[in-house]
Amino acid sequence: MKLITTLLLCSGLLLSLTQGEDAQEIDCNDETVFQAVDFALKQFNPGVKSGNQYMLHRVMEGTKTDGSPTFYSFKYLIKEGNCSAQSGLAWQDCDFKDAEEAATGECTATVEKRENEFFIVTQTCKITPGKGPILKDNFPCIGCVHAISTDSPDLEPVLKHSIEHFNNNTDHSHLFTLRKVKSAHRQVVAGLNFDITYTVVQTNCSKERFPSLRGDCVALPNGDDGECRGNLFVDINNKIANFSQSCTFYSEHLLEPLSKKCAGCPKDIPVDSPELKEALGHSIAQLNAENSHTFYFKIDTVKKATSQVVAGTNYVIEFIARETKCSKESNTELTEDCEIKHLGQSLNCNANVYMRPWENKVVPTVKCQALDMTEMLRRPPGFSPFRSVTVQETKEGRTDSDFIEDVVATTPPYDTGAQDDLIPDIHVQPDSLSFKLISDFPEATSHKCPGRPWKPASWKDPNTETTEFSDFDLLDALS
């Protein structure tokens, strides 16, 4: 009996350690959870070599661990769709396969979120064919970002380079050494990307006597210390081809932060800088090329922008694009005289434009999300080429806004009672719209988990679907 009790206590302790103290349950219908599951499912489907790709059925449970970065761990159910694995379609564009023939599955995944981007850490799926035993498929995602041990031997040259760079770019009188590696991540990309977080501490070796760190340099117990984050790219020849580092110090002796001397780090640039003109041109051209909308979009407001020197220049730009009156059918390309449609669609976009002018190489990527009218009424800060900086004067000492206020103040209110009699009652039948809304996100509900089943855009509830049908004979009309 004592043995059983001891085993239960140990298993409970291991479970609590695995889940972590900061892990908290999350709503399975939360939009961010859906985005994480959507990313995980889109990483799983390319690994399906034959047959059809899988679609989300529902999210069963999930936890969130806050921090930098944030981790989402969840379990979700999938069903086989009617789109082939090689169709190139997104799973949201498919329908569920017939229930008897469709394979089903259960997936458990951990996803890392950093700066609005997701990365697969682990994912395991158990697939049950329409008729057959359970098959277990593991897709480790070789090109994804993975956490590695802080004691990994692969980190030794990376950390050595980082500490040397730190000591060569600070004004401190003494050399620093590595204290502790807090976290490390690696990604395979025609080489290796490393993202490491570590702490440094002052040693007893002064820069005046020692040009570089030696083995007999000892960390001082009460020495100055700080925390750094380094990003390194190691090419296929095992050489460090790119490196950036940012540090936070806890000492008043370090008057000049290291990040100010980082030539390869991203830097903010003014949103109205002429430097952005070419990058913005490539961004809007890429947006219009990828967007299936019948009208062109035009950049309305640039919200923020950064540039980074990485064997070329990489621009990261956030902007708002608005629909114009120029259709793609009537115009071969977007021109400057295309006017913005007042009630047209608006998009919030994030662009990444990598440029190598000496090779005439430009690689633009643009991701956009639709904005509703409520968001557009709150004009965001930023530069707009279509918004005048000065306010036009209508009379001396008066502006357009003053004139509008006078009109609003002197205009009598409408007599709504008399107008209501002239407006007919129009009854709209269910599902009478000529277009269908795409259900990208599950409907929000008050309960948490499991989540609401995801339904394809073409799905209709037979209990609520109302369709009138009556037999009609052509002979009755002729008689």
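Just so you know, glycine gets a Cβ as well, placed from its N, Cα and C.
Automatic prediction, not curation, is the source of TrEMBL annotations.
Per TrEMBL, the features are as follows:
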{"type": "SIGNAL", "residues": "1-23", "note": "signal peptide"}
{"type": "DOMAIN", "residues": "28-131", "note": "domain 'Cystatin kininogen-type'"}
{"type": "DOMAIN", "residues": "150-253", "note": "domain 'Cystatin kininogen-type'"}
{"type": "DOMAIN", "residues": "271-374", "note": "domain 'Cystatin kininogen-type'"}
{"type": "REGION", "residues": "445-466", "note": "region 'Disordered'"}
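For the domain 'Cystatin kininogen-type' (28-131), residue counts in helix, strand and coil come to 20 helix, 53 strand, 31 coil, using DSSP. Taken residue by residue, the domain 'Cystatin kininogen-type' (271-374) breaks down under DSSP into 22 helix, 53 strand, 29 coil.
As a summary of secondary structure, the domain 'Cystatin kininogen-type' (150-253) carries 14 helix, 51 strand, 39 coil according to DSSP.
In the predicted structure, the domain 'Cystatin kininogen-type' (150-253) carries a mean pLDDT of 86.
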